[in-house]
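*Asks:* Okay, these came from Swiss-Prot:
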type	residues	note
DOMAIN	446-496	domain 'DHHC'
REPEAT	54-84	repeat 'ANK 1'
REPEAT	90-119	repeat 'ANK 2'
REPEAT	124-153	repeat 'ANK 3'
REPEAT	224-253	repeat 'ANK 6'
TOPO_DOM	1-308	topological domain 'Cytoplasmic'
TOPO_DOM	353-360	topological domain 'Cytoplasmic'
TOPO_DOM	382-392	topological domain 'Lumenal'
TOPO_DOM	414-489	topological domain 'Cytoplasmic'
TOPO_DOM	511-543	topological domain 'Lumenal'
TOPO_DOM	565-724	topological domain 'Cytoplasmic'
TRANSMEM	309-329	transmembrane segment
TRANSMEM	332-352	transmembrane segment
TRANSMEM	361-381	transmembrane segment
TRANSMEM	393-413	transmembrane segment
TRANSMEM	490-510	transmembrane segment
TRANSMEM	544-564	transmembrane segment
Amino acid sequence: MSGQLNVAEDSVLLDDISISSIQPIVSDVPAAEDVGDEDHISGASIAENRPKDPTLVKYHAACQRGDLKTVKDMIEAGVIDVKADWDEEEQVSGLHWASANNRLNLVRYLIAQGADVNIKGGDLEATPLHWASKSGYVYIVHCLLEHGADPLITDRQGYNLLHTSTFSSEVMLITYVLFTGQIPVDSPDPTGKTALHWAAYQGDPNTVEALLKFDADVRVVDTGGFTPLHWATVKGHPHVLKALIEHGSDVFLKNNDGKNALMIAQEMNTQKALQNALYECGFNKDGFAIRKYFKNPMHAKMVTFFTPWLILGLILSFFAYFSILLAILGCLLTVLAAGYGLYNFVFPSFILMKRIVIFKTPLLAGILSGTIFWLLYVWLFKMLPATFDDEPILNLTVFALFAGVVFLLTKLLQSDPGYIVPATDHNQIRATIIELLRVGKYDSKHFCIHSWIRLPLRAKYKRFVHSVILRYDHYCPWIYNYIGFRNHKIFIYFILLLDLGILALAKLCLEYFDELKDHAKNKDALKCSILSKDLCAGFTYDPFTLFLLEWVCVQGMWILALSFVQFFECLKGVTEHEFAHWQRRNRGVVGREHVFNTAPEELMEEDPEEERNKLRSLGAAGQRHCCSTLTTATGFDRFLSVIGSSLGRQPRTTHNPINYPIETDYGWKQNLKDFWLTSDISAPMWRRILLPPVGTRGLLNGQEVDYQKLYNLPERVISIEEIV
């Protein structure tokens, strides 16, 4: 069984998993500033409790807490010999303790003084490289390897650097080790388990993904006949199971006990996870291929896109020509039948998810385009013939506006929001990693663990399309596409034309109803208790058009709210994604995304937000109401949030007494210029305003920047009001 990795962004929450190992490991000894003679270390020793050399105890404690001054004083005074700085029975050196506690400066100093980087110590006879890698300390591992540490050395259990790195579940370290190219990805331990076996057993999707990208063998078996899929089934992590199945794991392969993955899942109560993974890979619960009714996924998407055109026409007809009860019944039956057909016969051909997220299908885009289709239909065949003589300018305006809407919608559906192609050149990727290590920024905030590129500022990786998007704004299900640097301006023009088109069409529709009223044969029949005479004429003589107008006005409300949000964010020089992050930051709420970072303290830049993260609580972030899906789809959640911020109602928490400025806000005038003007100053002004940016270059604070290589923001002057 094999297939292409296609994980829906919203359904896969791998980014929610925190595998940070920034906290140092310490022994039993309290890490006091001054270690007295009575202190002792016993945490990682094979020796029993016994009196120890107080000088060695003090030295090891200093190595643990990174006290470089004390270590230097003891070595330079001759009290400690760095080439024999261990207890004879334990064999745990100062380099072991410094490595295990992420003390980079101390590690460098000890190596410079002649410490053996390959010395084995402790009950597992492990090297400093093993100690550092088990904690995920990539900077220490890099330093040790640069100074001659052997990655192929194994400890007493037979684990090499790749195995111990896998145990840490620190994906930044795993990626680094793989790109060194010094260890075969399928190197086994004494029981025949590879790193992929261990990662699968741990339920570590990020490590599994990295190993599979390096062509780790999914069919290799250990001494018990277990494949990585067998061990993944024991753990039951659905995303790990899915990745292994997609890369060719055989669900029917049996281990030495004669059990396949299906049997193990039943014994370990992980059947649901395995069945979900099988389904998302195109197989039923028994492991056999699901029938797909469309060989070409694009054909299935087209059916999904055009289905709302028909459904919308039927629903409007039901309400126009049947009683309210029959109309509601007809609508329910139509929607249920359409949903059943799409879910069972259409969706499986292009998206396989147990819980289909309609946002990730062209369905909502079909609703929007279907609405436009029926609007054009009633305008062309009903309103235009009846009103052109009296309202020729208004009719031409409606035609021009909706011609623009159709053109821009077609363009948006096919547009590139600013994708960055994932890196494939291993030498280039390796150089990027080394550079980030050099500057202390090798973490998932600056390096994409999925596409292996250095992440520019304002960019974001989206798993649904397996790409990083420049100046990412948001995902819009109504155009079935992401909004980013290259199509953001088109999107705003689109919603602006929609707003104007709805207003013009509503006015023309009222003129049309007025014509119906004037030409009515029996004007006494126009009796409506709550409607005006014009609307009453529409209800009496053309209810289809009246209900379509009502539907369009409802749509117009959220489009108007979306327009307000977009223009507000343009004024503030911020994207929707950045604005949401800024609000969470000011509320003191921890986001779902975690930065995988094991940089030593001496390399970490001061970031007050990281300190505040320790005090934050998810609190209100986890609260959701019954209409959350609806408000998210229509954008009203962002509208209400923007209204609150514009009125100065940004909440503050006990742990967050100040408001942080928006880093990309250079003043509303400059922000508007940066957004609306392309960076090509030689082009005519109308082209700079109307056309979207070409390539990856744009304006920021009036300066031309390459958004694909934007690693530092232009300087920004902070006003007194922002400081107070």
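Placed from the backbone N, Cα and C atoms, the Cβ positions cover glycine too.
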*Asks:* Under the DSSP assignment, what numbers of helix, strand and coil residues are found in the repeat 'ANK 2' (90-119)?
*Replies:* 16 helix, 0 strand, 14 coil
*Asks:* Give residue numbers and ranges for long-range contacts of the topological domain 'Lumenal' (382-392): same chain, 6 or more residues beyond its ends, CB-CB under 8 A.
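*Replies:* Residues 508-509, 511-512, 515-516, 542, 545.
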*Asks:* Give, as a single whole number between 0 and 100, the mean pLDDT over the topological domain 'Cytoplasmic' (414-489).
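*Replies:* On average, pLDDT over the topological domain 'Cytoplasmic' (414-489) sits at 95.
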*Asks:* Six or more residues out from either end of the transmembrane segment (393-413), which same-chain residues have a Cβ under 8 Å from its Cβ atoms?
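*Replies:* Contacts with the transmembrane segment (393-413): 365, 368-369, 372, 375-376, 379, 383-384, 387, 479-481, 487, 490-491, 493-494, 497-498, 500-501, 504-505, 507-508, 511.
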*Asks:* State the residues, same chain only, that lie 6 or more residues beyond the ends of the transmembrane segment (544-564) and have a CB under 8 A from a CB inside it; answer 'none' if no residue qualifies.
*Replies:* 312, 316-317, 319-321, 368, 371, 374-375, 378, 382-383, 492, 495-496, 498-499, 502-503, 505-506, 509, 512-513, 535, 538, 634-636, 638-639, 642
*Asks:* By a Cβ-Cβ criterion of under 8 Å, what residues six or more beyond either terminus of the topological domain 'Lumenal' (511-543) are in contact with it?
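*Replies:* Beyond its ends, the topological domain 'Lumenal' (511-543) has Cβ neighbours at 319-321, 382-383, 386-387, 390-391, 394, 549.
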